[in-house]
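As annotated by TrEMBL, domain 'Kinesin motor' applies to 1-356. For Gly74, Gln75, Thr76, Gly77, Ser78, Gly79, Lys80, Thr81, the entry in TrEMBL reads ATP binding site. The coiled coil annotation in TrEMBL covers 364-444, 501-723, 787-814. Among the features that TrEMBL reports, repeat 'WD' is placed at 1048-1087, 1324-1356.
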Amino acid sequence: RIRPQLAKEKIEGCHICTFVTPREPQVVLGKDKAFTYDYVFDMDSQQDAIYSNCTEKLIEGCFEGYNATVFAYGQTGSGKTYTMGTGFDVSISEDECGIIPRAVTHLFRGIEERRQAAIDQGRPVPEFKINAQFLELYNEEVLDLFDTTRDAEARKQKSNIKIHEDATGGIYTVGVTTRTVTSEAEMMQCLKLGALSRTTASTQMNVQSSRSHAIFTIHLCQVRVCASDNNNETDNRLANGSSEMNEFETLTAKFHFVDLAGSERLKRTGATGDRAKEGISINCGLLALGNVISALGDKSKRSTHVPYRDSKLTRLLQDSLGGNSQTMMIACISPSDRDFMETLNTLKYANRARNIKNKVVVNQDRASQQISALRTEIARLQMELMEYRTGKRMIGEDGLESINDMVHENSMLQTENNNLRVRVKAMQETIDAQRARLTQLLSDQANQVLARAGEGNEEIGNMIQNYIKEIEELRTCGKSLSRVSTRSSLYGGPSSFIPPENGASDIIEMAKKDLEKLKKKEKKKKKRWVPQTHMDCQADLANITCEIAIKQKLIDELENSQQRLHTLKQQYEQKLMMLQSKIRDTQLERDRVLHNMGSVESCTEEKAKKIKAEYERKLSSMNKELQKLQSAQKEHARLLKNQSQYEKQLKKLQQEVSEMKKTKVGLMKQMKEQQEKNRVSETRRNREIATLKKDQRRHEHQLRQLEAQRKQQELILRRRTEEVKEKIGAWDWKDVVKGYIAPLYCIFRTIRKYQMRTGGVSTKTARAKWQSLERRISDIIMQRMTISNMEADMNRLLKQREDLTKRREKVSRKRDKIAVEGADAERTVLSFNEEMESLTANIDYINDSIADCQANIMQMEEAKEEGDAVDVSAVISSCTLSEARFLLDHFLSMAINKGLQAAQKEAQIKVMEGRLKQTEINSATQNQLLFHMLKEKAEVNPELDALLGNALQGMTLFVLQARRRTTTQMELLYASSADPDAPPDDFSAPLLPVLESPDASGGRLSPSSLMSRTSMYVLLELYVRNLINPVASSKGSRAPRLQCVYTAEGHTKALMCVDSTDDLLFTGSKDRTCKVWNLVTGQEIMSLGEHPSSVVSVKYCSSLVFTVSTSYIKVWDIRDSAKCIRTLTSSGQVSQGDSCAAMGNRAVAIPPGENQINQIALNPSGTFMYAAAGNSVRMWDLRRFVSTGKLTGHLGPVMCLAVDQLGSSQDVVITGSKDHNIKMFDVVEGAQGSITSTHNFEPAHRDGMEALSIHGDSLYSAGRDHCIKKWDLSRKQLQQVDRAHSDWMSALTVVPRSRVLLTACRGGLLKLWNSDTLRPLGELRGHDSGVNSISTNSTHLFTASEDRTVRIWQVKGSLDDGLY
């Protein structure tokens, strides 16, 4: 949750550094660092949304017996107490209530709803019991906030509350007050009482800061009726079935509401005394919580120990972290960039916590658990029983369960049916669309016909369309009915009836054929029966089982046929008897009629004919029916005959089935015997394996015993070696006889061989592990140092922005006040507006710098996460005992060395502090003496008396103006003396430089002059390592006027840069050193080392030396033993001391966010430095060692630059880049931010730039295109020389006190040109390898080359007429 910005933060100009991705649970910090969580709430989120989305379901889970925890984490002042709702502000509205009050309301509302639902349904009302506890963790002591007898003084005493763990791993406390509550009002009263007793205090970051961790716990116990299943209602009834018995279950739940105290930094909160102790205790608890979260959330550490017992906070929350609880963590953060680091740490903290997986179970009593388990078992068994009944599950002949194939087939058919339904639906939609289109076309055609006939109108067209539509629908219905009738005739019509006897005969024929095959197969088996393996038996058993099933099916079919025949027989017999009785009745009627005809005399012939015809018709019908019955009788006889055959076949099949069953039993017996054999063989193999394992354990035990004996022997050997060494150290070597030396030498040689033989391999492995650990430690130190420096710079920028914002507000108020007054305010308001614009621009630049700093910090954090691949703990855990001893020895030696270095540094600091105090005392004494002297003079001189009011302020200025502006050689030599301007007693005459010797040969000073100055060189001799050697000058008429007079040698690799004054020479090399040479004595006086890579640029100004290597600029004070006082980086970071010293001698890659620095340049006054890094130039104020801005505009890396000064407050900076362009920048004193170029020199070079030089109003440039260009800065005119060199030009400069331009190339060739016309004056071979840099002082030129030498050149005569 991101809290809104405070009014104070808005006034101080703090920017928002967080961004929430729309409709995604993702927050972006800085520019592009994204974190994803389950929920993300922006600054405009409400309390209700947070509760409904996060906490509401946890309360519902408590009614089902699940534990829950909600805790808020974040820095102090990030809104944790407000979110949790433990502040209890009187003026707070209902919408602003936090999580705890809403949860209490939800809890009691849920209780009432469940009671009312039970009453409505006629069930017993559930019983609820609610208890509350409120704990406070203050200075690692658990305090009871419900204990009203405990006063403020008792907080400092030890608490009696104990934390215990039950048998199931749950955490409970003893000695805590538990209050039983029955209503929402009582619960809120308890919460308010505990919140008011909580420890709070005021800090610089929060007016009402929580100084302790608070845990509010609600215990819910409910007894309710178990929910019964419909299928199992009889389980809860009594035996007589008349009454019901209700089963009850008891559920318990525990809900923790944790309001953690905010993590804080003492330097930001300004806490002292008790507040500082509280902050330390808070941070210790949160650190332990972070370690627990890391151990649970990190996949690589999940198997390690979880440190729950490191703090009482983690012990109390053990259930919530990786235990039986549904836990929600709310990370509260600030959106302001002032709290960037705290926000970053909080988000990383929460990201680790998101990986924790808890195991949640329902909290029931034992009876409820048993009932629940039994209900689950009953439901499972009922499901299995239903599956057996429906045929889904079946048990094979081998006793194994399996799923019926019909189930799989049914599922496949259902899937296919669903797919066909979808296809039919789609086709029906297509048909409907086509029918509508056909209707429309037919109606259009009819309308066109009517229109041609002149009888059409809109009503007739609509009627025709409706008729055509109805016709198409009827046609479709007719087609569907015809398909239905066809389908019914195919599947259910009379013609499809197959007489049962036909089907039975077919089945019997198939059974006969199968029986013949089985008989043949059985005979073959009996003829060639051979015992087979267990697998063959199983295959035969499966085949026989299948055949038995088939035969059984045939037998069942035959039995059914017999039953049907018997039924038909009975029907036919009944019908036959009925017809026979009917025939008898008809015959009797015939006889009676004939008798009546004979007796009746009055009957006529016609009547007799009618009666005769009627009886003949009846007789014919009866005869036909008799014929049918006779045919049925014949069919019945045939069926009876077939029945006997069926009975024979049935008996035969039953006999075969019984034989097959016997065969099956035999095969099963054979399989059991085979299984028994396999079990015996497996038991024998297991016994053999156990014997082998026992032997292996015995061998391992013997190896451990031998290892212990070897270690004991090594220990004894080491002790004896130490005793021998002590005895040797105690001997008087003057009395040692030569006869004792040889035996001792043999003993030491034997010991050494034994040590090498026993520990050679392990020492090599241990050394490799130590090197990896040492590299990892160095990387961690550098990363933390860099991040710490970045944080310091960001805090400094935040402080500057705060000051500038306050200043802008002050100026704004002044402007408004003057604008209201109105008297002559326009000019003043205009000046104020300009000042406001300047302040706004500075604030914008600082905001950009803060954003860059934040981006660099994020890059460093990502690099640190990527660099965590080498896990130190994994390396240490994989060490053997000897390797661990080796690493422990090296760690011990490293700790001793680091402690010694720290002690030496502290001693030096104390010495320097003592010197500083002594200097301040001396300065104060001198100021007092001077003040008294001036006061005495003021009594005579009234003008002086008028100036005494400002005497103290002017004293410092007077002393500063009285000192020399440049550092002399004596200050370099006697920097530690109290008066650096006082030379030794024997130093009488000023020094003449060696290079200004009047000797024409260019040699060194005479021995007599050197002997007279021996005393001043005593200190220099301590630093002498290398010399500047003279070079014999060439004599003759063709001798060049530019001659090499000295050569400086001492570097081990190629030289990259050179700088010089009249007294000192500075050279930088690829050997990672910068050497300082004394031009007076011709000797090296010091070497500046510990650079991460080659020294590519060096500059000197006012006793400070600036050296460049990779992305670092090291500032050296050579007055005090060449100490590095600061380290600057290409990104604008500043660190005290030498931050590169921890890198050692190994090459270090450029850190993320940094760029390679190619060259640096100082302005003539020495107050500003410009560093070309990447495609920009960073500006540095050397008076404060602060980066003030950038010079931007190039597309490629800036390779060279030159600086000149116009007046006292404006610098002109010329830059040359790989993008072939040259740009000019005007930098006014006090300018800050990003500065763009004022002029772009065109036409540009055809390749990258390599060298620039400013001389007066002229600019000279040289590049990789072998071209020299001269630019007139006042008139913007251009002169150029193409193909000036045959190779790249690497350096150029103007020869002092002449109009000659000197250029050098990678081939080592030096060329001279007229500086006005660029006319060539001559060339000579300067070096055998390429020249990388040129420097000049008032009398000499210096060239640094790849051949590891610096050559010193002197002009003999005038070069205006040429080199020779």
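All residue numbers here begin at 1 and follow the chain in the order shown.
Each Cβ is built from the backbone N, Cα and C atoms, and glycine gets one as well.
No curator has checked TrEMBL annotations; they are predicted automatically.
Within the group of binding-site residues (Gln75, Ser78), the Cβ with the highest number of other Cβ atoms inside 10 Å belongs to Ser78. For the repeat 'WD' (1324-1356), the list of distant contacts is 995-996, 1002, 1028, 1031, 1039-1049, 1051-1062, 1065, 1067, 1069, 1287, 1290-1298, 1302, 1304-1310, 1363: same-chain residues at least six beyond its ends, Cβ to Cβ under 8 Å. This prediction places the mean pLDDT of the coiled coil (787-814) at 84. Most buried of the binding-site residues Gly74, Gly77, Gly79, judged by other Cβ atoms within 10 Å, is Gly74. Thr81 (ATP binding site) has a Cβ environment of 27 other Cβ atoms inside 10 Å. In the structure as shown, the Cβ atom of Lys80 (ATP binding site) sits within 10 Å of 28 other Cβ atoms. Counting residue by residue with DSSP, the repeat 'WD' (1324-1356) contains 0 helix, 21 strand, 12 coil.
Helix, strand and coil content of the repeat 'WD' (1048-1087), in residues and according to DSSP, is 0 helix, 24 strand, 16 coil. Cβ neighbours within 10 Å of Thr76 (ATP binding site), excluding its own Cβ and spanning all shown chains: 25.
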